[in-house]
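Engineer: Have a look at this one before I ask anything.
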Amino acid sequence: MDQLLKLWQSMGIANMDIGQAMMMAVGCGLVYLAIAKKFEPLLLVPIGFGALLSNIPVAGIGGPDGMIGMIYTVGVETGIFPLLIFMGVGALTDFGALIARPSTLLLGAAAQFGIFATLIGAVGLNFVPGFDFSLQDAAAIAIIGGADGPTAIFLGSRLAPELLGAIAVAAYSYMALVPIIQPPIMRALTTAKERRVVMQQLRPVSQLERILFPFVVLMLTALLLPSAAPLIGMLTFGNLLRECGVVERLSRAAQNEIINIVTIMLGLAIGSKLSADKFLALETLGILVLGALAFCIGTACGVLMGKIMHRATGGKVNPLIGAAGVSAVPMAARVVNRVGLEEDHHNFLLMHAMGPNVAGVIGSAVAAGVLLALTGP
Amino acid sequence: MDQLLKLWQSMGIANMDIGQAMMMAVGCGLVYLAIAKKFEPLLLVPIGFGALLSNIPVAGIGGPDGMIGMIYTVGVETGIFPLLIFMGVGALTDFGALIARPSTLLLGAAAQFGIFATLIGAVGLNFVPGFDFSLQDAAAIAIIGGADGPTAIFLGSRLAPELLGAIAVAAYSYMALVPIIQPPIMRALTTAKERRVVMQQLRPVSQLERILFPFVVLMLTALLLPSAAPLIGMLTFGNLLRECGVVERLSRAAQNEIINIVTIMLGLAIGSKLSADKFLALETLGILVLGALAFCIGTACGVLMGKIMHRATGGKVNPLIGAAGVSAVPMAARVVNRVGLEEDHHNFLLMHAMGPNVAGVIGSAVAAGVLLALTGP
Amino acid sequence: MDQLLKLWQSMGIANMDIGQAMMMAVGCGLVYLAIAKKFEPLLLVPIGFGALLSNIPVAGIGGPDGMIGMIYTVGVETGIFPLLIFMGVGALTDFGALIARPSTLLLGAAAQFGIFATLIGAVGLNFVPGFDFSLQDAAAIAIIGGADGPTAIFLGSRLAPELLGAIAVAAYSYMALVPIIQPPIMRALTTAKERRVVMQQLRPVSQLERILFPFVVLMLTALLLPSAAPLIGMLTFGNLLRECGVVERLSRAAQNEIINIVTIMLGLAIGSKLSADKFLALETLGILVLGALAFCIGTACGVLMGKIMHRATGGKVNPLIGAAGVSAVPMAARVVNRVGLEEDHHNFLLMHAMGPNVAGVIGSAVAAGVLLALTGP
Amino acid sequence: MSETVLLYESLRLMLIGMGIVFSFLLLLVGILRLMSWTALRLAPLPQTEPAALPAAPGSGDGVPIAVIAAAIARYRAGRRR
Amino acid sequence: MSETVLLYESLRLMLIGMGIVFSFLLLLVGILRLMSWTALRLAPLPQTEPAALPAAPGSGDGVPIAVIAAAIARYRAGRRR
Amino acid sequence: MSETVLLYESLRLMLIGMGIVFSFLLLLVGILRLMSWTALRLAPLPQTEPAALPAAPGSGDGVPIAVIAAAIARYRAGRRR
Ligand code: NA
Ligand code: NA
Ligand code: NA
């Protein structure tokens, strides 16, 4: 009898509270979005399943002695996992389009306005009863507008670990929604004539330029904004492994083994931050609304900067490519291409949008560095 | 002279005790079995070499400051290595045969009787002078009957770390001996007519069923037996990566990189638990005898349950497939196929035995959860 | 204003000291050598970039809370990274040529004289004002003469962690310079007639010999020199995975995934030891000079032992192959082949030089064990 | 704990343990059947297509081909993709 | 900190932040142009070869082929190796 | 420790060290020879087969082919599998 009671007390249903049940449902929902709707499945499948596992009562898988809790401590709290993923992103990214036309960096810069506008929005929410975001919380939320998963996770784990789950989920969800969020904004802000602009073929880029590029970017970061150096450093390191041509083995390891293994671990670890008391709160609703806002503002600012460049260059720049400045590589660039093709079936903007697209990655890492330097501990 | 003395004192032969020498021989013996007899070489080569390295005098490779000792602390003491291997097993396993015919789960259940019978055997050995197993020791020994390496290591590292070396060696050795241990028992308990039963073709299984399967199994575990949730959780996570079809990269990482790297580390770490004072003890002899017993009882119960199902279904089930319920995937299923072919050269039972075979994996993880819940700390 | 000041103070240029700037230049220089001159790029690209990242002011990437600093603590301070690389070296190395002609081990032994001569050189430098090497420092420097990266890093991290950066850079740089350093010495010490000696075809080696080889080497190490057991143990473990033929998966993991991932991490971690106060010191100059000396002496002793064996065997041994005894696999063997071809266009010495070449790996691991046993903590 | 108490304890553990394992897996059998039933309602297998196939080509000797095609479709659907 | 102070704080953060992001990337535009200029001086692209190509084969109908070859070389140099 | 003592110390280290390295590897030479001798007794190389080959086909011009086959077998056995 005693043992049967012990057994009953060890059961999940005897210990499950309503919050855990709801978070398990949220986990299943994320996996559903990932599989059925193809919402960034590489991250959302592990995040969703991690949420499921971490909210199982009694088991404590996400707790300090549980497997996922230990993975979180080792990989996310230290910031190592997002940095390793950023190394892989660097090794997978071709910066050629950006090197060929550096001015597209300005599009990547403009799109970061979404981040800073959201910062104000988050602080403004404090006037609504029930919200109490610190400046650091607001900065961590704002980075969702950067449309860059590893950057958001890196900054979130530094500035507001208790919001990390909601921030990561919002970041990846909106990145997945890029094809739905962006086109109406792009169409609203441009004329049909602007969207039909055919851009000039990109010039070829030499290998020396490709090899020097990581050093130039890193050096400027080191001199001006060292708080962005871990992110930019690993991004450029990965890119150097790719471009230098003498370390094929290491480049492959960064592009495959390391990024795949770390993605699984990182996803599970972030899932463990989806706990009822943190996620089923008013704050999460605020974060989701602000995240959407950040994306829209970022897209709009990118397109507006595209229009400015369109005028400044005498019509050589198609303003649509500004929308790719939010990063979300390579989806945003594909969306640009698609909207461009709607107007002119022979106008392929993909390569031209890759420049602002990868510029957006650098831009949001720089913005993360700024936020870290100005609000960080 | 002083330095020569220091040198002599630093030599292995000046410090080796008889126990270390014998354990090095045991390590070589395990490697021999692995290479010459193909006894689960993926695990026994690293375990054997790990025993060899850890018993080198003076070097202390398996000690707290040695490489293998540190790997043990990080990977086995935390339970992370067996769980990662279980994720890989999930990613490598096709549960289709089980989904098509869920009733084979009963065969997987029956075969777990070997575990609980062994538990009594281990406790009963305490009446023999020289044995002093606690209930936790007994539970850790009994799990050998589950015929599932990672499950045995996970439970052993939780309940009886000092017996882990012997338990792991026994578990993998008997899994390798499945083709020798099982057939006589199978033949003794069945009639030739029963062995000739041709089973009905399995129905096809849809992808949706395959995707829902991990959730169903995990949910039931979460509700009823959360102590089994880490094992079942990682198994189902790996299987979801495999079946969901949208995270091919991660599925490959779980099936290859992660499982291979962890297998090397896990093997070395377990080898370091093969020390003379723990392994060259009467207990080990008891563990080896009980392990063999557990296998035989498990096989017998599986076959007997097969006979019950044979009668209950009016002869549609070939009772041989019950023997596959001990897990030992896929060897037990192959043994069933071979014994079936002995009677009828056209009766391929392999696919039909895969159902109970993978059911045995779930069954022993459930049994491990029960033992952990009822005897755990 | 306050925030602008905070921003300025957070900038790199406001905090960079001259030492950091110079070390960043050194890092770039190493990457340049690696890419443009193909100096051991697999190690020098990560080491150089690691130096660059770790010397960025304010960011503290190489510090105790920085990513690279943490990697150093986990992987290099514990000795685990060089040992894992040595496992990979074992899995990549074919010891067949050595098994077929064991006497070439003497060439590998002679070439280690470079190590011990350098030890005296390092201690002798103490008579020069400004140098103050302890016996442990001297031993760590001397191992550069072993021409074996992981061995040098393993010993350096044990005996003189503060000199590790300079030692690793010197070791890999001179290994890359083998094709320039060795040929003049080889030509000076041999006659044209000796260089033209055509050696007898190597006998075939059976698989059993290949499988027994790791055990024989490890057993002798365990009995006589357990301080070399971690190095020799992982080398022979990797080689057993390769040769035993039943663990193809694990062998591939050791040869690819593990060694590639660890190489990236190890390189970055060692780069973090290239700090101005340690590297821009007189000691580094001494280490570079001594390292070159060690290489030259090692080569010369190998060739001289080759001449002795040439006489002892009645002219059957081409003394050139002695130069391969310094290890630097497989570059030294290729240099031997090239110098041999200069004299006789049909005399391929490559396979014959592989014996002393891999013997050099074992030789320097043994020498490292001796130094660790006699000067270690 | 004396040996006898421990033995009694382990006997109880065996009964409870096997009970749980059996109940758990029996329950799982039921839930899996329910799952399959639901899943096949929501997303029927592509092998329903062959049923429509024979109607299309019309003529007599098309039937065996359609049957074979259906069998192949069934078989392939049964295997992993 | 009261909400208003925080809002004022965040406004300042926005101005400074966007200022830095823009200045940083604008500076990077300049430096990248300088880098490309220098790099192409040090190691000109292989597409200069096609310019020399037409001279070699001589005859008239060699020209279009050379032009195509040059275009292909240009295109391939533009893509990753 | 003064420099001279240290130098004396390192000289002794050199003598002992080279002594050990040489003794160790010399011993290894012997043991490896013993190992190979034993291993080839236990499991002779497949190149003994070619010795039996010539007897089989009989006729005269079979010999060179058998010799070549033996050489190839020898060579392939010498390389890694
Ligand atoms: Na961005
Ligand atoms: Na089992
Ligand atoms: Na060497």
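Glycine too: its Cβ is placed from the backbone N, Cα and C atoms.
Worth saying up front: this structure is predicted, and the values here are computed from it rather than measured.
TrEMBL feature annotations, pasted as is:
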type: TRANSMEM; residues: B:12-35; note: transmembrane segment
type: TRANSMEM; residues: B:42-61; note: transmembrane segment
type: TRANSMEM; residues: B:67-92; note: transmembrane segment
type: TRANSMEM; residues: B:104-126; note: transmembrane segment
type: TRANSMEM; residues: B:163-181; note: transmembrane segment
type: TRANSMEM; residues: B:211-237; note: transmembrane segment
type: TRANSMEM; residues: B:282-305; note: transmembrane segment
type: TRANSMEM; residues: B:317-336; note: transmembrane segment
type: TRANSMEM; residues: B:348-374; note: transmembrane segment
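Relative to the rest of the structure, where do these features sit?
Structural biologist: Long-range Cβ contacts of the transmembrane segment (B:163-181) within its own chain (Cβ-Cβ under 8 Å, at least 6 residues beyond either end) map to 30, 33, 37-40, 43-44, 47, 51, 76, 137, 140-141, 143-144, 146-149, 152-153, 156-157, 270-275, 278-279, 283-284, 287-288, 291-292, 294-296, 299, 326, 328, 331-332, 334-335, 338.
Note on the transmembrane segment (B:282-305): residues 106-115, 117-118, 121-122, 125, 130-131, 133, 141-142, 144-147, 163, 166-167, 170-171, 173-174, 177-178, 181-182, 185-186, 189-190, 319-320, 322-326, 356, 360 of its chain, located 6 or more positions outside it, place their CB under 8 angstroms from a CB of the stretch.
Residues of the same chain lying 6 or more positions beyond the ends of the transmembrane segment (B:317-336) and with a Cβ under 8 Å from any Cβ of it are 89, 93, 104, 107-112, 114, 145-148, 175, 178-179, 182-183, 185-186, 189-190, 194-195, 197-199, 295, 298-299, 301-307, 309-310, 347, 349-350, 352-361, 363-364.
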Engineer: Six or more residues beyond either end and a Cβ under 8 Å away: which residues meet both conditions relative to the transmembrane segment (B:12-35)?
Structural biologist: 41, 44-45, 47-52, 55-59, 169, 173, 176, 271, 274-277, 279-280
Engineer: Where among B:42-61, B:104-126, B:211-237, B:348-374 do we find the most Cβ pairs under 8 Å to the transmembrane segment (B:67-92)?
Structural biologist: B:211-237
